[in-house]
Structure formats: C-alpha cells, structure tokens
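Novice: Mind looking over this structure? Questions follow.
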Amino acid sequence: MGDGSPTDKYTVDDALNALGFGRFQVLVLAYAGMGWISEAMEMMLLSFIGPAVQSLWDLSAHEQSFITSIVFAGMLVGAYSWGIVSDKHGRRKGFLITAIITSAAGFLSAFAQNYVYLLFFRCLVGVGLGGGPVLSSWFLEFVPAPSRGIWMVIFSAFWTVGTIFEASLAWFVMPRLGWRWLLALSSLPSLVLLLFYGVAPESPRYLCMKGRTSDAHNVLKKIARLNGTDLPSGTLVSDHHIHLHKMIVPSEDVKFLSPTRNQAEDGMSSVNSHKGLSSLFMLLSPSLLKSTLLLWAVFLGNAFSYYGLVLLTTELSKGGNQCSVNDQHSKDSHDVSYKDVFITSFAELPGLLISAATVDKLGRKLSMSTMFFFCFMFLLPLVINQPAGLTTSLLFGARICITATFTIIYIYAPEVYPTSVRTTGVGVASSIGRIGGMLCPLVAVGLIHGCHRAAALLLFEAIIVVSGICVVLFPIETKGRDLTDTIVAPKYADEL
C-alpha cells in the first residue's frame, strides 16, 4: 500500500476498482456458485419427486402439485427473513443459517415416512433456499463496478450447471436407486458451504456500512495480497461519509437530495433515523418506491414465465391436440422424460451467453426489455397448434430469452438498493417472485389440462408484455454505477 496524505480518502468501490478481479474473487465466486448450484438442484428435483411419490402413496394430482407449491411457500418466507438477517447481522451469518437448514432438511426429507413428513421437510428446504439472494448480493459486493455485469452472468451460470447436473443425476439415480437417494445426494452441495464457511470473508462494504472500517480494511488487504495488487493510498471511509460530505459541499457534478448545508444536516439525521425503521419501510420510501414496486412486478412475471416454460415444455411436447394427460402415458418410460428435461436444460446456456454479451454493452434495461420482446414473439405462434418439431424449437427459443431476463434481473436488483437494505430488497423481490412460481402450475398448466391452450399461452404473453413494460419504466440504469450505501434521489442516481 503506497504512502499518501492522511487526508486522502477512498471508498470500498475505489479499492475494488484498484484491486481488480483476481484470485480472491475467483474463490468467492466458487463458494457462492456452489450455493447457487445447490438451489438449482433442489428446485430441479421437484420435476422428478412428485411423480415418484404420487404412485407410491397414491396421491391426487392436487396433492402432487402441492409438493412443489410448499417449497415456493417456504422460499417466500425465507427470502424475506434471511434478507433482513443478513442486512442486520452480516452476510456470513445469513448464508450460514440457510446452508444449515437446506442441507439438514434436504437430507432428512429422504427419510420421510409419509406425505405429511415430506411436505414438512420440503417446506423447510424452501425456507433455506430463500437465502439464495444473500449469496448473490455477497458476491456482488466483492466485484469491481466495470466488470460487475459479466461476472454476475458467470455467477448465474452456476444455476444452469446445477439444473443440468440434477437432470443427469436423476437420469442415473431414479431408475436404479429411487427418489430417496436422489433427495439425499442433492443435499450435498449445501454441506460444502458449511465445510468451507470458516474461510468465507465478510463483505467489506457491509463492514464499512456498519462503521467497522478497520475490519473492512483487513478484508481489502487480504484481497490485495491474493490478487497481487495494492490498495489506494489514504484512509478507507464509508460511502455515506463521502456522500454526506458532498451534500455539505455541493459540486457541479453531483447533486444529492439536499443542496444546502441545513438540508444536508437533515439528511444526516435521516440516515441515522433509518437504523430504527423497518427495512421494509425503507424499501417503500419515496426514493425507492418506484424501483421496488416495478422490481416486484418483474420478479413475479419472470418467475411465472420461467417455471411456466419449464412445465409447458413437457405439456405441449406431449402433443398439440391433447388437452389432458393420460395417466397411463404419464407412467410410461421415465427414461424418456429424464432425457427431455436434460436436453431442454441446455437452452439456458445460450441465454447466459446472450446476457454476458449484452448486459454491459446495452445496459440492464435494454437487454431485459429486448429479451422479453423476443420471448413474446417465440410464444405467439404456439397460441394455435403447431407441429411437434416447431413447438419444441419455439419453446427452446423462449426458454433462452426468459433465462436471459432472469439472469439480468438478478444483476440489476442488488445494484438498485443501498448496502443497508440490499439483501432485504432482493430477498423481498425474490419472495414476490416465488408467488409467481406457486401460481404458475395451478393456473397456466391447469388451463392446458382443461383444454384451454390458447388462454394459457395468452396469459403468458400478457405477463411477459407487462414485465417488459415495467423494465422500460425502471427509473435508473445501473450499468457501470458504483454500489451505494445511501439512498439517492432517482433523478440524480445516474450522475453518480
């Protein structure tokens, strides 16, 4: 670390930009990515467990679908709860608790003696999986702003790895060992998080926001050592310290909420008073209200569309003129269904590549709105019956697009919120998305089974259009912006 004037100051963003993306961030990526793989595997196995236990325990179609819905219900609770925990007590504590719950409940669900016990353990798994946004926010806070988009896309690729691996595992395990072994083996990635928890660092941005600049500085020194780079000269200060100083001494380049000294002092009081307010109320404060409500709508639409397309791939590929599922047909040749799921999982790879190519060049908003438009176009011909080959191709294309939007919204959301409510904000938005996941099999697939194919597809189209409009209405573009610790007026946010 070079010598510099003691009056020189730098923020965590300044330090990360100077240190670059190196060996330290790669290790953080691997750790967070394992958590993302775990969540993807636990979600993917729902496609295989339901049919297996339906025949074993003679479940109705409604009881089978409830096995999926109960996981989403648990995630709805967990996503909100773990966001608050990690914003108040640290990112590390947040994902420690979620990893313990997910691995333990996932493993114990393999020993469920009946339907009720299985529901109980899968609900607990959902509560644990709700902590996924904590890991994504934790990783985000180590990445330099200029390369944040591409590395968050790479992080999202771990989800695709998890879905493909789970489909492969099910293809091998289910016919030979059965569903209990699949549940037990799928819980192992969460256990890996626990094994390496001791070496996982706390977010320096979170430490700075809490006033623990000395601890934050130690983490940054470790990054510098592993990356072989040097920290900026001067003293590490929190982001809100710099912002409040600029509010007192306004410049022509940056305009904050209060341009005068008296108003700046009010701003300081406001920042301090936020500590006593509910995190949810902060998300609904005037400066964040529009972003929050629009994010909720996009997360809901994205989840409904993504999980709906996964289910539609199976439903529509069974035959365009069939509007109900023959029970005997559904029991035939489990190997074929495993192969179909395995193949369609690869549709996510082009979606990730498109995200990587566009997120930092076109920006978050334009990339998402464009992908929503193309998803709409891919699904439109399916309103009427199409040949099987064309149906599969169109669904494949739509899956690519919705994967891209899903990936980018998980990049955009943490960038919108300040550090103090980042994981809470993403967690609540993710919870809203889980509602879409719960409704999708009950509404859209139910319409398919009820001989209302056109209505089901038009419902998807309407949700995709509304989601795309909400993206266009987002008040800020976050491409290249530093992460903030303070709440800044939306109209000035792009100037930071």
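Placed from the backbone N, Cα and C atoms, the Cβ positions cover glycine too.
Automated prediction, rather than curation, is the source of TrEMBL annotations.
These came from TrEMBL, pasted as-is:
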type	residues	note
TRANSMEM	26-53	transmembrane segment
DOMAIN	28-479	domain 'Major facilitator superfamily (MFS) profile'
TRANSMEM	65-83	transmembrane segment
TRANSMEM	95-113	transmembrane segment
TRANSMEM	119-140	transmembrane segment
TRANSMEM	152-173	transmembrane segment
TRANSMEM	179-200	transmembrane segment
TRANSMEM	293-312	transmembrane segment
TRANSMEM	366-384	transmembrane segment
TRANSMEM	390-413	transmembrane segment
TRANSMEM	425-448	transmembrane segment
TRANSMEM	454-474	transmembrane segment
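If you look at the structure here, what lies around each of the features I listed?
Specialist: Long-range neighbours of the transmembrane segment (26-53) within the same chain, counting only residues 6 or more positions beyond its ends whose Cβ lies under 8 Å from a Cβ of the stretch, are 59, 64-65, 67-68, 71, 95, 99, 102, 106, 115, 118, 125, 129, 132, 135-136, 138-139, 142, 151, 154-156, 158-163, 165-167, 169-170, 174, 178-179, 182-183, 186-187, 189-190, 192-193, 196, 200-201, 226, 310, 330, 334, 338, 341, 345.
Among residues of the same chain six or more beyond the transmembrane segment (119-140), those with a C-beta under 8 A of the stretch's C-beta atoms are 28-29, 32, 35-36, 39, 42-43, 66-67, 70-83, 86, 91-92, 94-95, 97-106, 108-109, 112, 148, 152, 155, 190, 203, 410-411, 414-415, 422-423, 426-427, 429-431, 434, 483.
Sequence-distant contacts of the transmembrane segment (152-173), counting only residues of its own chain at least 6 positions beyond either end whose CB sits under 8 Å from a CB of the stretch, comprise 29, 32-34, 36-41, 43-45, 47-48, 136, 139-140, 143, 181-182, 185-186, 189, 335, 338-339, 341-342, 345-346, 348-349, 352, 355-356, 359, 403, 406-408, 410-411.
Sequence-remote contacts of a segment are chain residues at least 6 beyond its ends whose Cβ falls under 8 Å from one of its Cβ atoms, and for the transmembrane segment (366-384) they are 298, 305, 316, 354-355, 358-359, 390-391, 394-395, 397-398, 401-402, 404-405, 408-409, 412, 453-454, 457-458, 460-461, 464-465, 467-468, 471-472.
Away from its own ends, the transmembrane segment (390-413) comes close to residues 133, 136, 140, 148-149, 152-153, 156, 160, 295, 298-299, 302, 305-306, 309-310, 312-313, 316-317, 320, 344, 347-348, 350-352, 354-355, 358-359, 364-365, 367-368, 371-372, 374-375, 378-379, 381-382, 425-426, 429, 467, 474, 478 of its chain (Cβ-Cβ under 8 Å, at least six residues beyond either end).
Panel annotation: around the transmembrane segment (454-474), residues 290-291, 294-295, 297-298, 301-302, 304-305, 308-309, 312, 364-365, 368-369, 372-373, 375-376, 379-380, 382-384, 405, 412, 443-445, 447-448 of the same chain, lying at least six beyond its termini, place a Cβ under 8 Å from a Cβ of the stretch.
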